Amino acid sequence: MPNYIKVLFLDRDGTINEDTGSYVATREQFRLIERAGEAIALAREAGFRIVVVTNQAGIARGIATVGQVEDIHLYLSELLTLYKTSIDGCYYCPSHPDFPHPDDDRYIQCRKPETGMVDRAVADFLADGFIVDRSSSFFIGDKVLDVECGLRAGLRTVLVRTGHNEEKLCLEQQIIPDFIADDLYQAITGYILS
Ligand SMILES: [Mg+2]
């Protein structure tokens, strides 16, 4: 019998942690948005797998290292233990079309709104024996490119008003999420789990 799972794909900056206006490269710059930890814990208790999907072109731009990005994700995991919860994976895209680099050009199809990171997570789950049911899975983010990525990947989508809050831009570009929430907590408690 195949094991079907449902997944919450979460953008990072502006969705889980506060968008500081500049690149988040250190633990000091990484602060959870209010109630984000509680929200992730609730989603996990309800049976969702949690996967972070984040563009980290700071690597291509030379303003962050792979080590720094991976340390932030370790730090996120540490913070989530305070809420007795965890995430299943973090996928980041290091590349940027304006900053080509032979080390990360192979990742270019991963940069949101491309769906490469979602597809890779789905493939990794499959390798572990789990089939992602995309129709009961969600993508949550604060930008148009998050909504577009989720739509392209066949997921249900939520835009949050934290971070960049591109609600107006979504309407202008007719890239319409299934739901718009004030923050991650409201997205999860007021829509996904309701
Ligand atoms: Mg964001």
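From the backbone N, Cα and C atoms, a Cβ is placed for every residue, glycine too.
Note that TrEMBL annotation is computational and uncurated.
The annotation Mg(2+) binding site is assigned in TrEMBL to Asp11, Asp13, Asp142, Lys143. Taken from TrEMBL, the feature substrate binding site covers 11-13, 19-23, 54-57, 111-112, Lys143. Per TrEMBL, active site, nucleophile is recorded for Asp11. Taken from TrEMBL, the feature active site, proton donor applies to Asp13. What TrEMBL records for Thr54, Arg111, Lys112 is site 'Stabilizes the phosphoryl group'. Sequence annotations record features per position, and here TrEMBL assigns Zn(2+) binding site to Cys93, Cys110.
Sequence features annotated in TrEMBL and their locations in the structure.
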{"residue": "Asp11", "record": "Mg(2+) binding site", "contacts (Cβ under 8 Å, 6+ apart)": "Val52, Val53, Thr54, Lys112, Phe139, Ile140, Gly141, Asp142, Lys143, Asp146, Gly163"}
{"residue": "Asp13", "record": "Mg(2+) binding site", "contacts (Cβ under 8 Å, 6+ apart)": "Asp19, Val24, Thr54, Gly163"}
{"residue": "Ser22", "record": "substrate binding site", "contacts (Cβ under 8 Å, 6+ apart)": "Gln29"}
{"residue": "Gln56", "record": "substrate binding site", "contacts (Cβ under 8 Å, 6+ apart)": "Ala64, Val69, Tyr92, Cys93, Pro94"}
{"residue": "Cys110", "record": "Zn(2+) binding site", "contacts (Cβ under 8 Å, 6+ apart)": "Tyr91, Cys93, Ser95, Gly116, Met117, Arg120"}
Handout entry: Entry from the binding-site residues list Thr20, Thr54 having the most other CB atoms no farther than 10 A
Key = Thr54
Practice task
Among the binding-site residues Asp11, Asp13, Arg111, name every one whose Cβ is found under 6 angstroms from ligand 1, counting any of its atoms.
Solution key: Asp11, Asp13
Exercise for the section: Mind telling me which of the recorded positions Arg111, Lys112 has the densest Cβ neighbourhood, counting other Cβ atoms within 10 Å? Expected result: Lys112
Handout entry: Conformational class of Cys110 (Zn(2+) binding site) under the three-state DSSP mapping
Key = helix
